[in-house]
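Quick look at what Swiss-Prot lists:
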ACT_SITE  E91  active site, proton acceptor
DOMAIN    102-337  domain 'Radical SAM core'
DISULFID  C109-C342  disulfide bond
BINDING   C116, C120, C123  [4Fe-4S] cluster binding site
BINDING   G169, E170, S201, S223, L224, H225, N299  S-adenosyl-L-methionine binding site
ACT_SITE  C342  active site, S-methylcysteine intermediate
Amino acid sequence: MIDILNLTYDELEAWMTGTLGEPRFRARQVWQWLWQKNARSFDAMTNVSKATRARLAEAARITWPEVRTVKTSSDGTVKFLLALADGALVETVLIPSESREGKVRMTQCLSCQVGCAMGCTFCSTGSMGFERNMTMAEILGQVLVAREHLGDDRPDHPIVRNLVFMGMGEPLLNLNEVMRSLRTLNDEFGLCFSPRRITVSTCGIEKGLRELGESGLAFLAVSLHAPNQEVRARIMPRAARWTLDDLMAALESYPLKTRERITFEYLLLGGVNDSIDHARELVRLVSRTKAKLNLIVYNPAEGLPYEAPSQARILAFEQYLWSKNVTAIIRKSKGQDIKAACGQLKASELAELAGMAVTEEPKKEAE
């Protein structure tokens, strides 16, 4: 029995016409039920004949991640602990913002692996180690769960507006499933997210970088976090196997759309990478390409030997970058009180949570 959410549209159409003997238009109907109408069962597909629904139910299943816990931060950030079909546990986060019209909008942070192989020394997920890659169905299942939780069931996504592959895992080490996910996200009859609303963040993996760029399916963000090879090798030992010089050389030829820039994420670690000398090196580095910088203040994580810089050092770092015509924005941290902020996603407590019943706080109304 196949997991039907794991099929791209072309695969679904080929399977339904070939294996089930259905006309092509049936595949389009089923596809829209799966991705636009949040159908959890074939019985819900009311414009599909009963006979076809019965054949579908005999040959396929619709498997969503199981919600184990839902935690809501004082700032409105929502963190889901999800169990996959084999019992593996992952997290996804909804980060709120307010539109110019005063309406609540959400950015969803997606995981793409169970654990992470990169082992970055400042990241809680990195301390978990790597278990396995997630499938397309598991990656996009996070979106389905969040949309259902928020009542966001319209194709124009009035609530969940942006998606960022910045959760657990390194996307370019799960390139095949991430690319399949991006195509389904972009499909106008699927989840229907514009590429301009999707960002894929990578530590800088040579394999896959060019393919992602040429696809045009998402914006690129690079987890840089260091202005030189020595610091990067110390805090990101596995990512540093590909040197900063090689990374920047690849990014110099990365295909960008008009007015598009590469976002560099830079985590400010007190006494490690936050001096003016570091800022000076950083300017020289990122000036090699069209760039903007997201400055992220370190979020404390249990067992990790780092601290946030002082506010004075943070502002001095930012001001130096601006003085050299480098766009730099200090990203406001959200969800710290529920361990949902950058670098805090971790399934270390997941074994004890595995048997926990669903815990969900009252939903907040979104305008």
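Any Cβ shown, glycine's included, is placed from N, Cα and C.
Values in this document were obtained by computation on a predicted structure and should not be read as measured data.
Between E91 (active site, proton acceptor) and C109 (disulfide bond), the C-alpha separation comes to 9 Å. Sequence-distant neighbours of E170 (S-adenosyl-L-methionine binding site) (same chain, six or more apart, CB under 8 Å from its CB) are C112, Q113, C116, A117, M118, T202, C203, I205, listed in sequence order.
Of all the binding-site residues listed (S201, S223, N299), S223 sits in the most crowded Cβ setting, with the most other Cβ atoms within 10 Å. Here H225 (S-adenosyl-L-methionine binding site) is positioned 10 angstrom away from C120 ([4Fe-4S] cluster binding site), judged by their C-alpha atoms.
Of the recorded residues, L224 (S-adenosyl-L-methionine binding site) and C109 (disulfide bond) place their C-alpha atoms 18 Å from one another. Of all the binding-site residues given, namely C116, C120, the one with the smallest number of surrounding CB atoms inside 10 A is C120. Of all the binding-site residues listed here (C123, G169, S223, H225), G169 has the Cα closest to the Cα of C109 (disulfide bond).
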